[in-house]
């Protein structure tokens with residue numbers, strides 16, 4: 001980065017009167033001063049981000065291509081020991097592809113669920129009523145509460161031995177056996193004589209994620225909803241549009257940009273999510289999302305190289321998915337907006 | 001569709017959604033409040049009462065106990081779980097993170113929102129691109145670096161990691177607020193002879209105080225609730241545990257009753273929820289400002 005724009009010297013030559021006005025250095029133009037000030041102000045922030053974010057990520061990329069275990073790193077240089085073994089190990093390791101698939105299901109389910117529930121909540125709380133402020137605040141509880149605490153509440157509530165859910169299930173719905181929500185990989189369901197398995201533990205963590213992050217979507221959608229001008233809906237009302245029609249043709253197009261933004265945001269954040277699944281199931285029972293695998297590589301085997309490679313593959317998948325999303329949907333969203 | 005049936009449909013829908021709305025609101029209140037009520041409820045019972053009747057939603061006077069809290073808060077020397085110490089650790093790390101993050105983010109947010117400079121657009125994109133990378137990706141190198149320079153199992157190291165995670169969103173939130181401050185105020189200060197730095201310190205920052213508080217609160221929340229890095233860096237050293245980590249480790253102990261675990265959860269949750277309710281309006285506006293303009 002340079003402080004002097006490249007055009008500066010040229011301008012000085014073609015602009016002799018200004019030079020004669022000040023015998024020494026020509027005073028800086030306002031835009032140059034602004035440029036200087038901008039760079040001066042942004043550099044501390046930039047430096048912090050560079051040191052704590054950009055450099056570590058760059059080093060991860062290097063580590064992923066090196067044979068590196070935690071014990072070796074002390075004596076190891078920054079470069080050397082190049083190999084592609086880590087990637088081979090990642091792609092060959094048992095359950096890599098199924099883990100990627102699980103991550104996708106988990107991410108898509110949780111993104112869809114949290115935005116859907118957030119949208120419903122925003123629509124329900126749109127019109128003022130007594131106590132709305134209080135309910136709106138209560139709605140944000142799952143989002144602001146610490147993940148460790150709420151994960152344990154879910155764990156206890158869903159427990160087969162002393163959980164409230166199984167107890168009420170037995171009393172109200174006549175469940176024969178308690179259901180181990182968090183440790184059942186496939187739960188057999190008999191419906192109308194058909195047997196099929198549902199991935200119960202995975203669905204439970206998706207439900208948890210939906211529950212925890214719908215307030216986030218709710219906040220953004222509600223803010224947007226309240227900025228929709230009343231006149232639009234009133235006009236539709238006069239034309240005899242029903243509530244569903246008003247939603248479909250008036251509100252939804254207005255909300256589409258913020259929903260699209262939330263989808264991208266929630267998708268990225270959920271894809272990389274570690275603590276929720278780790279705390280609820282430890283990655284067992286068919287919930288081995290990729291982020292938990294990175295953690296396992298790092299702490300169980302102290303294999304830094306493999307962990308870095310796995311994290312890198314994860315990031316690459318995310319970038320590809322986002323690329324696809326923007327290629328196919330971004331235009332559509334803009335048209336709707 | 002004739003006009004009559006259309007009207008009938010509109011009337012039916014009006015009534016249907018009018019009723020459904022209240023069901024939805026009731027459902028939402030149940031799913032958001034009940035888990036927290038359940039958490040507090042269990043924390044006030046002895047474990048026997050829970051095992052005897054897992055489904056009860058209230059607590060009888062003879063069962064009521066505060067011993068779970070005593071157990072959680074007492075220091076480990078006197079046989080408790082030492083959560084007071086953890087609370088102090090968490091508070092130190094969180095407040096340190098807030099201070100460091102704001103110091104690091106304010107100049108950048110100001111520059112991005114106000115000044116045109118070489119690379120200004122790329123820089124703001126770069127700040128947000130940070131979130132593209134999985135936290136776990138950051139975890140690997142930071143884990144190694146900190147192990148190398150001895151900052152692992154150190155609260156300062158943890159605060160630095162949190163700063164890395166919160167600076168981008170802080171810049172984003174502050175920027176959204178700063179652009180709403182009219183430039184004419186700044187120009188007036190400049191005419192009065194204030195330098196750029198003076199203008200920022202004496203004019204912009206006081207005006208941006210609500211946003212600074214909202215952002216600081218959000219950062220506090222993130223730092224207080226964080227778990228992965230605390231687990232990675234501090235797990236070996238129980239003296240340095242944050243409340244989140246302490247609670248997670250508590251659950252691994254075999255002989256710890258679930259009611260004590262719930263008391264720990266309450267202790268962990270209360271500070272952040274109290275802060276949140278004290279400044280709910282401020283925070284939601286700070287978070288979503290800009291969303292209603294998109």
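Positions of Cβ are set from backbone N, Cα and C atoms, glycine also.
Curation plays no part in TrEMBL annotations; they are all automatic predictions.
Taken from TrEMBL, the feature region 'Disordered' covers A:1-31. Residues or ranges marked as compositional bias 'Low complexity' in TrEMBL: A:17-27. For A:38-62, A:104-125, A:137-157, A:200-222, A:250-269, A:304-326, the entry in TrEMBL reads transmembrane segment.
Contact count against the transmembrane segment (A:38-62) (Cβ pairs under 8 Å) is highest for A:304-326, out of A:104-125, A:137-157, A:200-222, A:250-269, A:304-326. The listed stretches are A:104-125, A:200-222, A:250-269; of these, A:200-222 has the most Cβ pairs under 8 Å to the transmembrane segment (A:137-157). A Cβ distance under 8 Å defines the sequence-distant neighbours of the transmembrane segment (A:250-269), meaning residues of its chain 6+ beyond its ends; these are 107-108, 110-111, 114-115, 118-119, 123, 213, 216-217, 220-221, 224-225, 228, 232-233, 236, 241, 318, 321-322, 325, 329-330, 333, 336-337.
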